[in-house]
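Participant: Pasting in a structure now, in structure tokens, and then I'll have a few things to ask.
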Amino acid sequence: MSQIPVATLGVPRIGRRRELKFALEAYWGGESSEGELLAAAAKIRAENWSLQKAAGASIIPSNDFTLYDHVLDMAVTLGAIPEIYGWAGGAVPLDTYFAMARGSQEREACGHSHHDGTGVPALEMTKWFDTNYHYMVPEFDADQTFRLASLKPVEEFDEAKRQGIHTRPVLLGPVSFLKLGKRRDGGDPLELLPRLVPVYAELLGKLLRAGADWVQIDEPCLVLDLTERERRAFTIAYDALAATGGPKLMLATYFGGLGDNLPTAAALPVAGLHLDLVRAPDQLQDVLSAAPEERVISLGVVDGRNIWRTDIAALLDRLGPIVKGNPGRFQLAPSCSLLHVPLDLSIETGVDPELRSWLAFAVQKVEELSILSHALSADRSLVQSLIDMASRALAVRASSTRVNDPHVAGRLSAVTPEMAKRSEPFSERRKLQQERLNLPAFPTTTIGSFPQTAEVRQARAACAKGELSEAGYDGFLKGETEKAIRWQEEIGIDVLVHGEFERNDMVQYFSEQLSGYAFTKQGWVQSYGSRCVRPPIIFGDVSRPQPMTVDWATYAQSLTDKPVKGMLTGPVTMLQWSFVRDDLPRETVCRQIAFALRDEVSDLEAAGIGVIQIDEPALREGLPLREAERPAYLDWAVECFRLASSGVKPETQIHTHMCYAEFNDIIDAIAAMDADVISIETSRSKMELLRAFRAFRYPNDIGPGVFDIHSPRVPPADEMADLLRKAEDGLDPRQIWVNPDCGLKTRKWEEVRFALANMVEAARQMRAG
């Protein structure tokens, strides 16, 4: 039997030691040249190609690398560059590219000046499907034209060829490219498809002439709910591309199953089809029945989005009968691009040997596919020892006392509906809370964090290195906390926060104190551009060995007679921003986290903290891609929040916070959370996001953000008061709190002081009528 090819759809592009991050920041900071940045990028690409080849991949991608974002790259390649950036044709300057990604304070970025002197804004950024990666949203005009403005896909194919590696270039497909973008006039981007497809055909022709016999063309939107018109767009686009010749196309779908889009995908004139068989393992037989026999099927059987070792023996049992009859029809691949996992476990030093044996990062996942290919295609005995090693590690994991905690399982089995309900309705709770807190109309507060200055970061680093004692660090943090409390009192904020100076990250801070979590030193993944994150790993049952925030909350409360909020990260966000164990349903893991937080909430209340905030910025991010699957998710997500928050007395006030999002499709769930107060980002939308709350007649209190914490601009008090008057249109003034859009951790103190003073003044104006 011939060897079944091993393909990768994309790999992490940040480098083994985050070289891309540091190269970008040096360039943006004026510390290196364009040539030095491009040389660093070329080195990462070369290392990635070599790593994949050494790990056993026979089909290696090119053009999966990007300096910032692959969707932005596609927009630039196709000439979809908004007029504001000043591109007039020819080669696209690197600074124009970065202005689209990050905005620019420089007038030269767009070739003309602006009335406000603030340069040009970045394109909008949003989540890539249901992952924690962010992409830049392409913008189109109604009369948008496209042209081949960059030959990056061809150049990187040639670059790999010079290295002796024949690659399969990767392109984001035309229909997904348009669907992921937006038209400035609010029209349907798919109307632009007839103008776009010829440019794709031109690019594919150039790749063919360069020697690319196959091209991977990603159409992840095929796993979404589509209208018949949208399905027709796929047919139109790929019929047109097929008519022009060009290389063979491997149409890649991922993040779910084709579902009711299968007939459309099966009928497209493409040579290959990639399937996500991790998210949707049951679709394979239907695809094999529907697709032409000559269609190559890429089997996405290794999880490209999580870091757990694959059960190779189980996969062999499952795939053996399928590939046996026609091995030449199949390729083996990860479920999606490996962008979403760290690059290489071999450089990781932060996890113990046992836990390490349960993990697989990008390189190891390619190695797993190579083992699978050998076992399916050749003599299994040649790799049997490696298969056995994986099976032993999985068996140890399944039976480990580190993973399974009977006490946690017992608590979950004893859950009752009453545990997820407050003892009194909101109307009664509000009266009791007002008696306790005695707050004015339009009460003011902040979302939680205050600026993490260089001094705070230096003290944390010094403590971590042993250069500053724990006692010294604790004293420093207490000093910062007291300054924050005193300053909030001086300007007249009503419900205070302690500032969170002791916290490095809103998820990491808590997960470091919970059982069942582990942390890496080199497990970096790209969030966007140069921003990299190290998601914690949930490997076992989650519990809280001891209180996590009570000492800091009670210290801050001891400094003032005003209420100080206890600050927690909610269970859904703790789940969404972690690598989650794959041996339990996600909702079960979330309930475990909810119980740990429930204990913390109870301890805060017992310690005299009367206002407790449980942030859930990731609640909407967890929504399944398919509409039919969303109600079940929202049911357990809301239940977990309520499990965490409902064990308190009615006079204890529960707050939550959600970041910038569309709320229309989840407003029922937000109301069902039954938080006494919700704060949301609304300033950038000029309170437009409140429409959903007005239409729903949202019953509880709400704090619409009155200034954008992402901007250094400090709006005057009158402007904030105007926003609050807009909020009054449709909301009862008694419902309205006054707060910023989000936490202030990344801002400078000079900005924060003026902004919050103006915010307090705006609230005073509202009280005065």
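Placed from the backbone N, Cα and C atoms, the Cβ positions cover glycine too.
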Participant: Say Swiss-Prot lists Arg18, Glu19, Leu20, Lys21, Lys127, Arg531, Cys532, Glu621 as binding 5-methyltetrahydropteroyltri-L-glutamate: which of Trp214, Trp487, Trp577 is in the same site, per that record?
Facilitator: Trp577
Participant: Of Glu500, Glu502, Glu512, which one shares the L-homocysteine site with Ile447, Gly448, Ser449, Asp615 in Swiss-Prot?
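Facilitator: Answer per Swiss-Prot: Glu500.
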Participant: Among Cys590, Cys742, which is the one Swiss-Prot gives for the Zn(2+) site where His657, Cys659, Glu681 also bind?
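Facilitator: As annotated by Swiss-Prot, His657, Cys659, Glu681 share the Zn(2+) site with Cys742, chosen from Cys590, Cys742.
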Participant: When you put Cys742 (Zn(2+) binding site) at the centre and draw a 10 Å sphere around its Cα, which of the binding-site residues Arg18, Leu20, Gly448, Ser449, Glu500 have their Cα inside it?
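Facilitator: Within 10 Å of Cys742 (Zn(2+) binding site): Gly448, Ser449.
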Participant: For Asp615 (L-methionine binding site) and Arg18 (5-methyltetrahydropteroyltri-L-glutamate binding site), determine the Cα separation and express it in whole Å.
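Facilitator: Distance (Cα to Cα, whole Å): 30 Å.
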Participant: If I take the Cα of Ile447 (L-methionine binding site) as reference, which of the binding-site residues Leu20, Lys127, Cys532, Cys659 has the closest Cα?
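Facilitator: Closest by Cα distance to Ile447 (L-methionine binding site) among the binding-site residues Leu20, Lys127, Cys532, Cys659: Cys659.
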Participant: Let's check the environment of Glu681 (Zn(2+) binding site): how many other CB atoms sit within 10 Å of its CB?
Facilitator: 22
Participant: Please classify the secondary structure at Gly448 (L-methionine binding site) using three-state DSSP.
Facilitator: coil
Participant: CA-CA, which of the binding-site residues Lys127, Glu621, Glu681 lies nearest Ser449 (L-methionine binding site)?
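Facilitator: Of all the candidates listed, Glu681 is nearest in space.
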Participant: Nearest to Glu500 (L-methionine binding site) by Cα distance: which of the binding-site residues Leu20, Lys127, Glu621, His657, Cys659 is it?
Facilitator: His657
Participant: Suppose we draw a 10 Å sphere around the Cβ of Leu20 (5-methyltetrahydropteroyltri-L-glutamate binding site). How many other Cβ atoms does it contain, all chains included?
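Facilitator: Other Cβ atoms found within 10 Å: 25.
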